[in-house]
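J.: I have a structure here, written as structure tokens, and I will follow up with some questions on it.
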Amino acid sequence: MHPAPSVIIFTTLSGLGFGLFFWLGLGVPDVQGGSAFAFFFIAYVLSCAGLLASTFHLGNKKNAIYALSQWRTSWLSREGVAAIVTLFLFALIAVPRIFLGAEMVISGVIGSVLALITVVTTSMIYTQLKTIPRWNQPLTPVLFLLHALGGGALLAGEVKIAGWLLLALTLALFAAWRVGDRRALARGTTGDATGLAHLGAVRMLESGHTARNYVVDEMVYRVGRKHAEKLRWIALALAGALPAAILLLTPPGHITAFVALALHLLGVVIGRWLFFAEAEHVVGLYHGA
Amino acid sequence: MTALPDKTDKKLGLVIDLDTCVGCHGCVTACKGWNTQHYGAPLSDTDPYGADPGGTFLNRVFSYEAQAEGRPAQTIHMPRSCLHCDDAPCVTVCPTGASYKRAEDGIVLVNEDRCIGCGLCAWACPYGARELDREAGIMKKCTLCVDRIYNENLPEEDRVPACVRTCPAGARHFGDLGDPDSDVSKLVAKRGGYDLMPDLGTKPVNKYLPPRPKDTLDTAPLTAVADEPKGFLGWLDKALEKL
Ligand code: SF4
Ligand code: SF4
Ligand code: SF4
């Protein structure tokens, strides 16, 4: 799949934002007044910037309001609804915490659950697609959740919890690549896709177009295998292993947390680029890919 | 509404004969012509006379080569457009309700007044049948020429899809695949019509008729007539060698 910057930014930032909301809802860190304002501000900026980025790739923004209407069937619609409800509820939690010093325990827990639901709905947009076997597996939602929880804990200043979560993320990333590679291979061949395999080995002689077009640009994107292998290890180290090691093995401090966060973010962006660029769509089989 | 109908009264669709299709791309051109002037936003061409031309099509013809061990290769032309799937994943993923499947005849359409051009439906379609128009920012797909097949302003013989009407080889057939007694259903039964990628569970309505089995020649086409010539040929061989 074409790794569009808008979706990479969207999934990275909004995942982090809703991850931070999750911890803030649970009262982690337990802050009121000015510092509560700072934390909520960061969570809002991240999640809203992410959601805004996701609208950049829409061809026809003027109909955007309809996107909230099909929550009964569409995960994309559910995601929009869940995100808006979560953001709204957290406004009701943030205002009393900032200005009245209130605890807001019960609504906080509800908000945390909603934040997680939002992350799951985002992941399901990708997981549901049978046409992309690499995404269509149970580890995809696990990955999105671990990204959000780990990154959120790091932002919330819970360095040890963040360390363990990022360690779990490292393992999950590795497992998802393994399972994904197997699923991608099982897509079959051009012969299977065309139903012509009984005639022998099938290859594409001529494609249906001599110029570029939407389907090819969007879905028949390929990264070189060697390239991808290297990037995988870089993403694994930066997003998971290195920050986890820093957080778990060094004494907690602002500088180490900041370095861990910077490495993590860079790793997540590379990992998300790969998430899209490596995803093989079955339509590629018709193009001999 | 992007919920799929429980069942549709009819299953209108195409049957495409891979034995007969000669790969002339006539259907591609007829489709583009009709659908640029009728249903919804026109199918744009970007940079048509420039260095990097591109454009939207609802139907494209691919050519494949199949070769079995020790047999000559064979060419198969495969036109591909929307298969109007019964269990259309492109419909249920749509967040806006723009994509829908009609309960009366099973045609899958895009309501362009609701589409936001998110492209998710194109990701969900296994067959590459949906293209986002780069000028209009709206998802385009085969309409089964819904504005021809019921159009009483057209002469009766023209009330079929443009691609079917134009095909010079008679490789495209249109009809109700939900009715076992329709001509298309009988054709599918007789010729062993098949679904594309059935394991993905989309239950396509359109069917493809496989190429008919080819004859096998007794001799492979390029074996030498005689390795060790005898008789007259033998004499000629020797005589020529002496020269
Ligand atoms: S062929 Fe593709 S676009 Fe057409 S109904 Fe099936 S899934 Fe949808
Ligand atoms: S591109 Fe349009 S029709 Fe397709 S899923 Fe998005 S809103 Fe629906
Ligand atoms: S039925 Fe109409 S819209 Fe569909 S491929 Fe044929 S000409 Fe194009």
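Any Cβ shown, glycine's included, is placed from N, Cα and C.
Pulled these from TrEMBL:
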type     : residues  : note
TRANSMEM : A:7-26    : transmembrane segment
TRANSMEM : A:38-59   : transmembrane segment
TRANSMEM : A:80-99   : transmembrane segment
TRANSMEM : A:105-126 : transmembrane segment
TRANSMEM : A:138-155 : transmembrane segment
TRANSMEM : A:161-179 : transmembrane segment
TRANSMEM : A:231-249 : transmembrane segment
TRANSMEM : A:255-275 : transmembrane segment
J.: Which residues, given as numbers and ranges, are at least 6 beyond the ends of the transmembrane segment (A:7-26) yet have a Cβ under 8 Å from it?
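T.: Distal contacts: 39-40, 42-51, 53-54, 57, 83, 86, 90, 93, 108-113, 115-116, 118-119, 122, 144, 147-153, 155-156, 158, 265, 268-269, 272-273, 275-276.
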J.: Where else in the chain does the transmembrane segment (A:231-249) make close Cβ contacts, counting only residues six or more beyond its ends and a cut-off under 8 Å?
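T.: Hits for the transmembrane segment (A:231-249): 147, 154, 159-160, 162-164, 166-167, 169-170, 173-174, 177, 223, 256-257, 259-261, 263-264, 266-268, 270-271, 273-274.
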J.: Please figure out which one of A:80-99, A:161-179, A:255-275 racks up the most CB pairs under 8 Å against the transmembrane segment (A:105-126).
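T.: It is A:80-99, which has the most Cβ pairs under 8 Å.
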J.: Give residue numbers and ranges for long-range contacts of the transmembrane segment (A:255-275): same chain, 6 or more residues beyond its ends, CB-CB under 8 A.
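T.: Same-chain residues near the transmembrane segment (A:255-275) but 6 or more away: 3, 8, 11-12, 15-16, 135, 147, 150-151, 154-155, 157, 159, 162, 166, 173, 223, 228, 231-232, 234-240, 242-243, 246-247.
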